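See below for the structure under consideration.
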Amino acid sequence: MFEATTILGYRGELNHKKFALIGGDGQVTLGNCVVKANATKIRSLYHNQVLSGFAGSTADAFSLFDMFERILESKKGDLFKSVVDFSKEWRKDKYLRRLEAMMIVLNFDHIFILSGMGDVLEAEDNKIAAIGSGGNYALSAARALDHFAHLEPRKLVEESLKIAGDLCIYTNTNIKILEL
């Protein structure tokens with residue numbers, strides 16, 4: 001279900017300055033064929049104050065993006081309130097409960113994974129989250145690099161996604177990154 005991509009979100013503080021980034025690869029796979037190598041699966045929302053990315057069915061993900069963006073607008077960009085209301089709406093709607101997609105949403109203060117079942121998961125360290133077929137590779141690499149390498153945030157996201165792209169057949173190294 002969640003094959004064909006890797007999305008990595010990373011937030012924190014460096015030199016007393018907050019940062020938030022999201023990155024993703026560009027591969028789209030249909031069965032055992034790569035049909036696109038440069039897709040964009042990340043975007044900024046609410047006047048560039050929130051970042052998001054998706055893994056899973058593209059059509060389902062765009063439905064989730066639209067719904068989340070509408071709720072985020074109604075909550076005036078409050079990410080925490082938006083993910084809670086998003087989860088409530090998702091669970092109420094029988095159609096949404098069948099969508100095969102996951103999202104990461106983050107800002108300078110929070111990072112969340114929105115699961116295909118309507119769950120809201122805050123990243124364990126409130127710093128790094130990853131989804132998709134290469135998500136565990138990217139998450140492991142990002143945690144190690146964050147702990148030991150002391151890289152600039154953009155470089156950490158890029159290198160973590162490259163590692164995932166080298167290991168996961170559904171992920172490539174055509175990486176796109178957005179930052180707040």
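Every residue gets a Cβ built from N, Cα and C, even glycine.
Annotated features in Swiss-Prot:
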ACT_SITE  THR5  active site
BINDING   GLY165, CYS168, THR171  Na(+) binding site
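In three-state terms derived from DSSP, GLY165 (Na(+) binding site) belongs to a helical segment. Highlighted in sequence order, THR6, ASP25, GLN27, SER133, GLY134, TYR137, ALA138, LEU161, ALA164, ASP166, LEU167, ILE169, TYR170, ASN172, THR173 have their Cβ within 8 Å of the centre of the Cβ atoms of GLY165, CYS168, THR171, the residues recorded for Na(+), and are not part of that set.
When Cβ atoms from all protein chains are considered, those within 10 Å of CYS168 (Na(+) binding site) total 22, not counting its own. Summarising the environment of THR5 (active site), the number of other Cβ atoms within 10 Å of its Cβ, over all protein chains shown, is 30.
For GLY165 (Na(+) binding site), the same-chain residues 6+ apart in sequence whose C-beta sits under 8 angstroms from its C-beta are THR6, ASP25, GLY134, THR171, ASN172, THR173, ILE175. A straight line from the CA of CYS168 (Na(+) binding site) to the CA of THR5 (active site) spans 9 Å.
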